[in-house]
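TrEMBL feature annotations, pasted as is:
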- B:68-280: domain 'ABC transmembrane type-1' (DOMAIN)
- B:12-32: transmembrane segment (TRANSMEM)
- B:72-93: transmembrane segment (TRANSMEM)
- B:105-122: transmembrane segment (TRANSMEM)
- B:153-177: transmembrane segment (TRANSMEM)
- B:207-227: transmembrane segment (TRANSMEM)
- B:259-279: transmembrane segment (TRANSMEM)
Amino acid sequence: MKGTLAKGLLLLSLFALVFLAACGGSDGENASKDDENESGSGDKVIEFMHLWPEGSSKQHYDIVNGIIEEYESDNPGVKVKLEILGNEQYKEKLKVLSTSNELPDVGMTWAAGFLEPYVSGNMFASLDDLLDGPLKDKFVPGTAEAYALDGTTYGLPLELNITPLYYNKAIFEEHGLEAPTTFDELKEVVQTLVDQGVTPIALGNKDRWTGSMWYMYLADRIGGPEVLNKAIDRSGSFEDPALVEAAKEVQELVDMGAFLNGFNGLGNDEAKGYFINEQAAMYLMGSWDLPEWTTSEANPQEFKDSIDYMKFPVVEGGKGDENSFVGGPGVGLFVAENSDVKEEAKDFVAFFVEKWGEQSVEKAGVIPATKVDTEGSDLPQMYVDVLNDLNEASNITLYADVQMSAGVAEVHLDMIQALFGKAVTPEEFAKQQEEALAAEE
Amino acid sequence: MNKVMSNKVVIALYTLPALILILALIYGPILLTGYYGLMDWNGIGAMTFIGLDNYVELVQDSKFWESALHSFLLAIFSTLSLAIYLIISLILAGKIKGSNLLRKIYLIPMLLSSVAIAQLWIKIYDPNNGMLNSLLQTLGVENPPAWLADPNLVLYAIFVAILWQYAGFYIIIYYAALKGLPESLIEAAKIDGATPIQIAYKIKVPLIAGVIKVTIVLAIVGSLKYFDLIYVMTGGGPNGASEVIASYMYKKAFGIYDFGYGSAIAFFLLLITLVVTWLTRKLTASEDEIQY
């Protein structure tokens, strides 16, 4: 019995050792975290979480670090502590942190639908005082509004994108084509290309939001910029004739063979590959892809030179004009409601937004949501054109799946895939979305 | 040592760490999932108790049943494919030249992560530049199908990728079982004049029946909760044609933040899996243990 006891004790102590070692590890971590917090005795620490890791977004990462350095030297006594995660992990972590009410003081959010649960959970602080104060009139109209709920703004956008229709000039020239300005001309271009055995349009509709952009533009050009917005904010209906008509036009394009063969099974990246390999003549995509056609080292210069963009053609007799764009802000900054350094965090956000706006285009090719002065910069021509177009934009319609709540967006995206795949009629397409929107009222 | 093993304190000591981990990481979350399934919850805000409403919705949800059908098709398909794996293993376990090399070839897919496999098959199935369609075109097939974009074909296209993915796993199990059979039985059969096919069919297969049963359960359960390859290859599309229960659950919980409903699906999937496993054990139950 004595031996047994000894062995038992031995085991117990072994187990305890392992257990304590594990605890010790976390103890050590906590300790070092405390050290950091207290470094420089009495410093205020702003925790800042962003989603541009050095590996995948080097330029963004560098700008952020530069801004933080500048801020810290301007504001002695305030330190910014960074946590950096990739896009998907970032979303997951933000969600997990929010359930335990431990959001970072400053972090990144997306507009409208993404923001909503956080705002209704009272997690994000109102940033109206910044918009009325230091950041007054700094933003392109319509961008900060995308982060507002019931008239209060909870996020400040860093990125802004519109969606040009890129095309390959070399392919167009080879087939004696010119960039179309009307939808009928676009169809003629498509027909010519199909007849010559060239894929007219690269589309990766496995991702669904890609097809949604085509639909949104057609809805805008036929019914004007308000019709889709109204259907979504419930002052109108999704069964509006213009929205059904737009769906019909989509299916007509599908029937003509306008889109890449097998588009419903291809992701956006694969579809982009076809455009980059010059296997498709046109590609509708956000201006976030501008570096691909201008500065990217990965693509050959000859290809980059042959890419230009056009504004989405107008539909004759339709209500939308060519300066109306589908687009919207990308990520924005939020300040946590329960932050214990809220004032400093807001101050940092205002500083960050301003500095970011000065540097992001030139250093990272990101169009900021704040107004950009193109005079005297040596940006690639396509950037200058897009920035100028933005200044002349008559309207920017926020991506439908971002405008909608998550549940309705899912219906919308599913319906888009079904519409392009001809699994539903245009009428049914409109009806199902109308029902989903009505159910949420 | 026996004394140590019969000491209740020591027994508890040995089993406790694993028990705590299993309770905390497996059974706890299962119970929580069951609990969340009774709630209306978006994953962030407050939960509202709604009783069995999620389950009522689930039973009426045609998209759920469609995905359940796909999961069951996948289960049937995987079970049938076990026969192919078994035949390959029988051949490999026989004395053929290069069986060592072949075995390694079959095993390699198992070493790849599902995402890599999915990317590989996406490239193979690419409708215009893909290997498969290029091959079909050189064979004179005009307009070969766009495999992953065709709602009628997509599920089968994915089945083939899954068949390939799991070949190594099941072949290695069968191979090990076959190699473990006593040589004397096979020799005796040979002396009695049995052909290799008779030996395989009448002696080897019945002797590894226990292993086969286990693999059937593994294949069915694995298929019912199958997720990764489908999620990467098609995301359940086009138009839900390749949606399975697990991908549908993911969409509901993490896509549209309906964690209550997602949890209900997860819990329902658990019940289905338990019932099917029990049924499979029941149907394949045999009377007695094999004794050599």
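Placed from the backbone N, Cα and C atoms, the Cβ positions cover glycine too.
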Of the stretches B:12-32, B:105-122, B:153-177, B:207-227, which racks up the most C-beta pairs under 8 Å with the transmembrane segment (B:72-93)?
B:153-177
Mark yes when the transmembrane segment (B:12-32) and the transmembrane segment (B:105-122) have three or more Cβ pairs under 8 Å (sequence separation 6 or more) and no when they do not.
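No, the transmembrane segment (B:105-122) and the transmembrane segment (B:12-32) are not in contact.
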Same chain, outside the transmembrane segment (B:12-32) by at least 6, Cβ under 8 Å from its Cβ: which residues?
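Here the qualifying positions are 267, 270.
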With a Cβ cut-off under 8 Å, give me the same-chain residues at least six positions beyond the ends of the transmembrane segment (B:153-177) that come close to it.
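Sequence-distant neighbours of the transmembrane segment (B:153-177): 70, 73-74, 77-78, 81-82, 84-86, 88-90, 92-93, 103, 106-111, 114, 117-118, 121, 125, 145, 147, 208, 211-212, 214-215, 219, 222, 226, 229-230, 233-234, 237-238, 241-242.
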